[in-house]
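A.B. asks: Following this message is one structure expressed as structure tokens.
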Amino acid sequence: MWSERRRPPLLLVAAAVVVAVTALASSGEAALQVGFYRDTCPLAEDVVLEEMKLIVMEDATVAPSLLRMHYHDCFVQGCDGSIMLRSRKKGKKAERDALPNRSMRGFDAIERIKARLEALCPLTVSCADIIAMAARDAVYLSHGPWYDVETGRRDGNVTVAEYVDNDLPPPDSNIVDVKTFFSVKSLNSKDIAVLFGCHSIGTSHCGPIQKRLYNFTGNMDQDPSLKPSYAAELRKLCPPPRPGEENEDGDGEGKTKVPLDPGSNYTFDLSYYRHVLATGGLFQSDGSLLDDPVTRGYVEKVANASSPDEYYADFAAAMVKMGRTDVLLGDLGEIRPTCGIFVD
């Protein structure tokens, strides 16, 4: 599949979203748009896809992390590439140092793509746009849909670890909390249900689910919404932490990995929704989709769909919408020569 032309056959393409978003920048009106680099770096998207094919062939587990990186970048200060930054000041932590990002992988992959683009088109393609394109290609190379990515973002130069905890809904969020976090980013209930489909690929450490398995209400109990047989499987993989091992991984050395979508955790498809409907999902936030009429209705519709086409179109639209979150345009922000530079 990867040796075929860049764009997949029309049958596999989610409806292309080509309406540009506009915003006022300091130099006047600027906009995200499909094909932003058509004149300044016409091979940009081809280079990203070419590198992503090699990256995913070398290690398929990087694909879900790059999709996650785009989500984490956009939710914290907007889609500005700030997740890549490092803090120079002693004792000051960057976004990538925050607890939800400590298990993040793929920083080297973004730097690898950036180096190729810098050799071809110096100081032209932003890190924020590379992350957005890499996320799209990660989905496509995991047998998911292709969709057009709007580009033209510029990079931010501020990174604060505390912002991550403030802006990202944790895995043990209930549906009210999830809706609150997403609404701040102008994302609605349908967007939530659609974007949670990103959990179709990837794994988690045990830490984020141990409370759900062993101490859901503080009484050493299990989340009653979790299917008992599935909970039993998870308990075998994730025993309760011993004293002193309650860290971000929750399983001592953090080596145990639990699939987000068992049996299909590296294939982007509809089985995540079937899994949530049947078992309550891995995270409490996954199961919370069943606690709201809009999100539950969407989960049920996709879980029972005979074709992925409608979901793929919805996913394309939701990813483009999320990719517009608090972007820097025009003269705002910067184009960095490397993505993981140190900042004060």
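Glycine too: its Cβ is placed from the backbone N, Cα and C atoms.
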A.B. asks: Tell me which of Cys41, Cys79 TrEMBL records as disulfide-bonded to Cys74.
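C.D. replies: Disulfide pairing in TrEMBL: Cys74 with Cys79.
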A.B. asks: When the Cα of Cys339 (disulfide bond) is compared with the Cα of each of the recorded positions His72, Gly78, Asp80, His199, which one is closest?
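C.D. replies: Nearest by Cα distance to Cys339 (disulfide bond): Asp80.
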A.B. asks: For Cys206 (disulfide bond) and Asp261 (Ca(2+) 2 binding site), determine the Cα separation and express it in whole Å.
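C.D. replies: Checking the Cα atoms of Cys206 (disulfide bond) and Asp261 (Ca(2+) 2 binding site) gives a distance of 14 Å.
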A.B. asks: Quick one: of the binding-site residues Asp80, Ser82, His199, which has its CA closest to the CA of Asp269 (Ca(2+) 2 binding site)?
C.D. replies: His199
A.B. asks: Which residues, in sequence order, are found in the same chain with Cβ within 8 Å of the centroid defined by the Cβ atoms of Asp73, Val76, Gly78, Asp80, Ser82, Glu95 at the Ca(2+) 1 site, excluding those residues themselves?
C.D. replies: His72, Cys74, Phe75, Gln77, Cys79, Gly81, Ile83, Ala128, Gly156, Thr159, Tyr163
A.B. asks: Distance check, please: Cα of Cys79 (disulfide bond) against Cα of Asp73 (Ca(2+) 1 binding site), rounded to an integer number of angstrom.
C.D. replies: 5
A.B. asks: I'd like the number of other C-beta atoms within 10 A of the C-beta of Cys79 (disulfide bond), please.
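C.D. replies: Looking across every protein chain shown, the total is 28.
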